[in-house]
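What TrEMBL records for 14-302 is domain 'Sugar phosphate transporter'. Residues or ranges marked as transmembrane segment in TrEMBL: 12-32, 44-64, 84-105, 160-183, 195-212, 232-252, 259-280, 286-305.
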Amino acid sequence: MEAAGGGGGLGTMRALLAILQWWGFNVTVIIINKWIFQKLDFKFPLTVSCVHFICSSIGAYVAIHVLRAKPLIQVEPEDRWRRIFPMSFVFCMNIVLGNVSLRYIPVSFMQTIKSFTPATTVILQWLVWSKHFEWRIWASLVPIVGGILLTSMTELSFNMFGFCAAMVGCLATSTKTILAESLLHGYKFDSINTVYYMAPFATMILALPAMLLEGGGVIDWFYTHDSIVSSLVIILGSGVLAFCLNFSIFYVIHSTTAVTFNVAGNLKVAVAVLVSWLIFRNPISSMNAIGCAITLVGCTFYGYVRHLISQQQAAAPGSPRTNSPGSRVEMLPLVGDMQDKV
């Protein structure tokens, strides 16, 4: 990840603006999605996800072909099915499970569980891919796991289905990050090109299940809900904002350093939790708040440890910059730059 370009104050101002607009889009998308499920009584997460994918497909096409915000990365036709399609399936599951969990549990609890992703990424690579990491990586996961356990045990609005959806969503996010290392090898995708190729596949994957499982309920909602026009504007608006979130991630990645991105990402979770509580007033106990804080501090510490090991690895003469397949100790677990798309 590149450091912010520009000198001194200009670079700092650019990074600050990038972070603020990223926070704004991310928190707004989360709050609107929760509003759709809770206030509009539109309890159809598959349909909402499908709307997001359609809007993102259109938005990515406009950004690349009309606005020319980013050049199109050419992908061989066979690679679209052999590489992009499997990634799109996991990408689809990640977004859907996030929206399903948001349907059943408060934003504060859902965002805290999403912070478990670094731990699931490390554990998956260890269990499934037999990779080994040094003790500092494992030690940095202790506060994350402890914070999640405390938050889950003290959550006043706990729902098992929503909790399981959020946890499986973490696994999907980790799987996407790990698969990207092998399936997308040789392609340097940014967030806009990622959406350009994956969102149409995700729409195709989800359209039929959404119609079969939620089609009847959506039709009933159309006939029984008041203020249909304003509600549809909100639902479609959430899809537009979901694409804008992807665009904002592209901007913030290229305007900040890795450390700043990590800290800003964890502070963003705190902002989302605070804003959601101010709007929805879901009950949060003191121990639950402490568990959430421990988790976020743990995520920040984990990011710091990764950065520290990365710096040491780069400075050591003759040491490899990336994980070598034959080595017993993998210095750094894989990590995704876009783990928080809703």
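Every residue gets a Cβ built from N, Cα and C, even glycine.
Caution: TrEMBL annotation is automatic and unverified by curators.
On a predicted model such as this, the values are computed, not experimentally measured, just so you know.
Put simply, of 84-105, 259-280, 286-305, the stretch with the most CB pairs closer than 8 A to the transmembrane segment (12-32) is 259-280.
Between the transmembrane segment (84-105) and the listed ranges 44-64, 195-212, 259-280, 286-305, the one holding the most Cβ pairs under 8 Å is 195-212.
Scored by C-beta pairs under 8 angstroms, the transmembrane segment (259-280) has its highest count with 286-305, from the stretches 44-64, 160-183, 195-212, 286-305. Panel annotation: around the transmembrane segment (286-305), residues 108, 112, 115-116, 118, 136-137, 139-156, 258-259, 262-263, 265-267, 269-270, 273 of the same chain, lying at least six beyond its termini, place a Cβ under 8 Å from a Cβ of the stretch. Residues 33, 36-37, 70-72, 92, 95-96, 99-100, 102-103, 192-193, 195-196, 199-200, 202-203, 206-207, 209-210, 213-214, 217-218, 221, 235-236, 238-240, 242-244, 246-247, 342 of the same chain lie 6 or more positions beyond the ends of the transmembrane segment (44-64) yet place their CB under 8 Å from a CB of it.
On the 0 to 100 pLDDT scale, the model's mean across the domain 'Sugar phosphate transporter' (14-302) is 91.
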